[in-house]
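Colleague: Handing you this structure, nothing more for now.
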Amino acid sequence: MEIPVPVQPSWLRRASAPLPGFSAPGRLFDQRFGEGLLEAELASLCPAAIAPYYLRAPSVALPTAQVSTDSGYFSVLLDVKHFLPEEISVKVVDDHVEVHARHEERPDEHGFIAREFHRRYRLPPGVDPAAVTSALSPEGVLSIQATPASAQAQLPSPPAAK
């Protein structure tokens with residue numbers, strides 16, 4: 001069963017390097033789609049004596065995916081600032097939430113770029129697939145949430161019309 005979930009317009013810090021003086025060139029859950037390497041990642045290839053001269057302090061923290069499944073609740077935050085709302089689709093397929101975003105080649109400050117990504121998240125047991133909602137913040141953070149089926153059953157039903 002496939003259920004489309006509309007994306008409605010409506011901080012996260014990159015993990016630190018595993019060892020001092022070492023900068024890993026990216027992690028599995030980093031959501032920096034098509035942004036290239038950081039200066040710190042390039043500087044890790046330089047000798048330690050000259051690397052500090054090439055580094056600038058980061059002005060903003062880089063976002064990562066943040067997934068939470070506490071107590072059967074499901075929540076995902078993704079940075080999709082490089083995509084327009086109509087370029088993003090969120091749908092529920094069986095017990096998974098699938099996120100797809102794509103934009104055609106367009107100019108940027110370095111030339112031209114095209115981006116595309118797919119993410120698939122398994123819903124935890126007890127979460128109602130029909131309760132999945134998504135919203136896009138003005139800053140470009142996609143929020144996907146769902147509550148346990150038991151929490152849906154406890155919600156009061158609207159009064160019947162007379």
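Note that Cβ sites are derived from N, Cα and C of the backbone, with glycine treated the same way.
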Colleague: Between S10, S16, S143, S150, which does Swiss-Prot record as phosphoserine?
Modeller: S16
Colleague: Mind tallying the domain 'sHSP' (56-162) by DSSP state, helix then strand then coil?
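Modeller: Residue counts for the domain 'sHSP' (56-162) by secondary structure: 15 helix, 53 strand, 39 coil.
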Colleague: Just counting, how many other CB atoms are there within 10 A of the CB of Q66 (deamidated glutamine)?
Modeller: 17
